[in-house]
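Database features, via TrEMBL:
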type	residues	note
ACT_SITE	165	active site, charge relay system
ACT_SITE	241	active site, charge relay system
ACT_SITE	572	active site, charge relay system
DOMAIN	57-120	domain 'Inhibitor I9'
DOMAIN	156-610	domain 'Peptidase S8/S53'
DOMAIN	687-782	domain 'Subtilisin-like protease fibronectin type-III'
SIGNAL	1-24	signal peptide
């Protein structure tokens, strides 16, 4: 637009110059005009400069493809941008990505005014964060040796798992292609080269790798070019997050995997014979991790390349965007992927145990919470009075210090009047008094953690750290510095000894690996909880899986001591567990939809722990876990392979659900870019055919409809078993479902009647259909409100 005005002024100035040359009578008038036009050109030039400085990455989202040919779609995008900017060259310099496979749109550098001039959905380029061995045995997936891979038909063979993350470390033994089958003929991806990454880094395990960083700001590019970052301009992983998630989902068998001697055993992913496709869209930069433009391009290419499952361990913070708001790139990208038959698995977030913090809540996404497993790493603290207290650690530093001095951080504070020394904040400890001692610190601030505290103690000359804190799942690595995490009770006992002793001393033992002695699983303290703040009729998370102290492949980062494996915790770790299981299901049932796979996971999940009691949550209450903590329950891979019945959902069902949320046909069409006709119906928000039932606002009576498809024995009779929520009357019609070769799909209704006369909290129950062999469980949550 500015360029067109510029050229118009140039043409006008040329005309005035001609007048001055050919007509001396109008010279004075023409001279004034010449000065005015020249001034206008200078002002316009300033505007052009300023607009260039103010330009930023915007995403023009156009929904479904208009043209089937990707090149035609790309030409259409360039033509559209050329018309806006005034030339093909300007369009070429502005455009970053053309989304032309799974959906239509482009990312380009535009000024605010240029973005507003486009008469369609334009969104700024947002930035999003990552949700940062034994786990498979714990869940009952027993691939004891790699030899089994040759005979077992259910290891994900033939499926392709796409990983949108930070890249991959291809040299890890988890990604060798021993016994891998041929690359599927449908695969259309590439092995994109770059820094320390070329085609030889791909094999029959890593069959494709791409990287996307055009959405990152120019400032970050300069950071890279100036060698101020350890990042690689390629699919190679500098952080380790993507390597870890990829190997958790589909890593091959690696014997004697361990982290500095801890958790030693056979490492493998959930689908060891599945292929991996890597999409690096997240980067190790200070401004953030992943941008919308890069995420959408990763989805677009994954759809084009032919993946079966996508694992995406990243997300938004609260408050959430509407599902028809184009700023939710994960909802948009996953919608188009799901509509093409790709199962999308996302992490629930790490903002627990607070309720309503779950993210990635779109109903077409499988959202995963995190749980613990039955493995721990206890380390003994032997006090000078010969009493031993226990904590946990994963650091194999110089714990064998012998008996040395023990002190409390506030006793050696640089400034006793402030509170900084209590949790060992930087610079708060007196180096003379800390030298050669083990220091006890108490966590009192969200801004401090055990790693930062260990650095403070080390800098002050201390030789070890005992860090007391409120229970928080997951152990952090303090490098080679001995650090042990304890709860407040053990911390207080240790402090009591320090106060009573004239010369307190202690010794720290090496941590050891202990399996099967802890009740598990428990919902991780950090795992984000439901209900969904965006769509309370949709249960989120859908499912829970191991996400605490998970050992998986990790870049060695140039150290000779690294084993190539590391512990990480987060829903980022639970997400690829479920993605691997989804690949196993897809391998066994290749025609199943993403909704069918989700149904199999949810309806077969477990609600009991290793001790036979109900799974509990590691929050402030240690209560029994409910559906807002674990969805359907803890994932059971073996039962999910053969669920008996499934709840299926079509793309049109999702569209009608969006209609029921109050969105107009026009706003929904902006997401789907298909003609949307919203149907009128009562309780449509309740009737999306999910494997769960949520009634968030029960005034008196509500009826919910569901449809199940028989995928078990052809002839079967299922009976309804109800666990009724307190204060609610529930009726199922019919109470028996009879399937045969002519009746594979049957409907039923569930009616709820409130007996309460006041606002209530959520009450929980379940509906289980069983034929004696299968137990197909649907979680129920109901909340009553006052009568009107």
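In case you wondered, yes, glycine gets a Cβ from its N, Cα and C as well.
Across the domain 'Inhibitor I9' (57-120), the model assigns an average pLDDT of 74. Between the alpha carbons (Cα) of residue 572 (active site, charge relay system) and residue 165 (active site, charge relay system) lies a span of roughly 10 Å. Looking at residue 165 (active site, charge relay system) and residue 241 (active site, charge relay system), their Cα atoms lie 7 Å from each other. Note on residue 165 (active site, charge relay system): other Cβ atoms within 10 Å of its Cβ, all shown chains, come to 30. According to DSSP, the domain 'Subtilisin-like protease fibronectin type-III' (687-782) comprises 0 helix, 62 strand, 34 coil. Sorted by the number of other CB atoms within 10 A, the active-site residues 241, 572 start with 241, the lowest.
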